[in-house]
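Beneath this line is the structure, given in structure tokens, with notes to follow.
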């Protein structure tokens, strides 16, 4: 694990430092939030900047940790990493400064034409991020000779979850916000989709060191990946039918069951990882 972290930092310093920069900006925004309150008239909110900056930082660091498993060619890596880092940095800049100025970075109604142009720029920047992610997803699905088949499989599920998150993002763009006409907040759908990027690959990573038979490990990743996607799908039905997240429905029950299945798979994968590690340590001690 320590070796992998070192390798990720050595190979992906740009993504790592971009992620750490987002954490630093988010922490500074938290200080302003605590000192002056959340609302910045007429439209700005510190919480918007905080959640965006921290979300992008987590995404950047996750990408840095996962990218070595993808085994990209140098040219493919450059085409993916450099535009992605640039789009992250531009996103930090626009999201933080516009909120600090008191304007909604995406859907401003109180801003001048200049602010509307900034909103358009953020939309273009988001499109660049999407293109980068779709490019990497295509490469991942085309790979067949990857030495770590479990991580590759889990990354495929992770990127399917990201694509689901982008669908919810398109929904919010159409709404010009996150609240539907039925007063339902669809942001949790976006959240669940993007965090599939961590939720499923962590299973693949644990199983890569668990020393299970390959078919059994793959089956477990399939179960965990499908369960996470099912959580997103049942939340989609919950919101589509006009029910808020906190309202009990059959869709929330199914989402809860799906989440429990994912937790079960993750727990047992962690258990197998720990058992195998202890076994290896015991053998090393005997030697």
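In case you wondered, yes, glycine gets a Cβ from its N, Cα and C as well.
Pulled from TrEMBL, these are the features on record:
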type	residues	note
TRANSMEM	20-40	transmembrane segment
TRANSMEM	46-67	transmembrane segment
TRANSMEM	79-97	transmembrane segment
TRANSMEM	117-141	transmembrane segment
TRANSMEM	153-174	transmembrane segment
TRANSMEM	194-214	transmembrane segment
TRANSMEM	226-245	transmembrane segment
TRANSMEM	251-270	transmembrane segment
Winner by Cβ pairs under 8 Å against the transmembrane segment (251-270), considering only 117-141, 194-214, 226-245: 226-245
Contact set, same chain, for the transmembrane segment (117-141): CB under 8 Å, 6 or more residues outside the stretch: 70, 72, 76, 79-80, 83-84, 86-88, 90-91, 94-95, 98, 103-108, 111, 152, 155-156, 159, 162-163, 166, 169, 173
CB contact flag for the transmembrane segment (153-174) and the transmembrane segment (226-245), at least three pairs under 8 A: yes
Segment-segment contact (the transmembrane segment (20-40); the transmembrane segment (194-214)) at 3 or more Cβ pairs under 8 Å: no
Tertiary contacts of the transmembrane segment (226-245), as residues 6+ beyond its ends and Cβ separation under 8 Å: 157, 160-161, 164-165, 168, 180, 182-186, 188-189, 192-193, 196, 199-200, 251-252, 254-255, 258-259, 261-262, 265
